[in-house]
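**Student:** Here's a structure for you.
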Amino acid sequence: QCLLSGSWRSDTGCRMVVSVLGKDGSFSGSYLPGSMASNPEILTSPLEGFQQDAGLVQQPTFSFTVRWRLRARTTAFLGQCYVGTSGEETLHALWLLREAADSPAEDWKATR
């Protein structure tokens, strides 16, 4: 069974810490980009999300958003938790980052 609770590290050094999942699959925690790891007190940002019911699906999907503390940005993550043959849990996710645009004309470059 794959549960998101705990600490996770990405291939690029990003760190995510997830609180205990609620009965409805909700969770919160913190996220720190790998490039910012030298200053976690200032740059760690809050995250909130949901995981599919792991009692129904062995390898559940999940989603969460990170509200960045230092800039007007939000990132949405969407992925799935996989359980390997030896029981190790791995997260695979895609992300979409949105920053505030100064005007509608600037909208095209505000999403990555």
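These residue numbers are counts, starting from 1, taken along the chain as shown.
From the backbone N, Cα and C atoms, a Cβ is placed for every residue, glycine too.
Annotations per TrEMBL:
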DISULFID  CYS2-CYS81  disulfide bond
**Student:** Counting only residues 6+ away in sequence within the same chain, which have a CB under 8 Å from the CB of CYS2 (disulfide bond)?
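**Tutor:** Sequence-distant Cβ neighbours: ALA54, GLN58, GLN59, PRO60, CYS81, TYR82, VAL83, GLU89.
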**Student:** Counting every protein chain present, what is the number of Cβ atoms, excluding its own, within 10 Å of the Cβ of CYS81 (disulfide bond)?
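**Tutor:** Within a 10 Å radius of the Cβ of CYS81 (disulfide bond) lie 23 other Cβ atoms.
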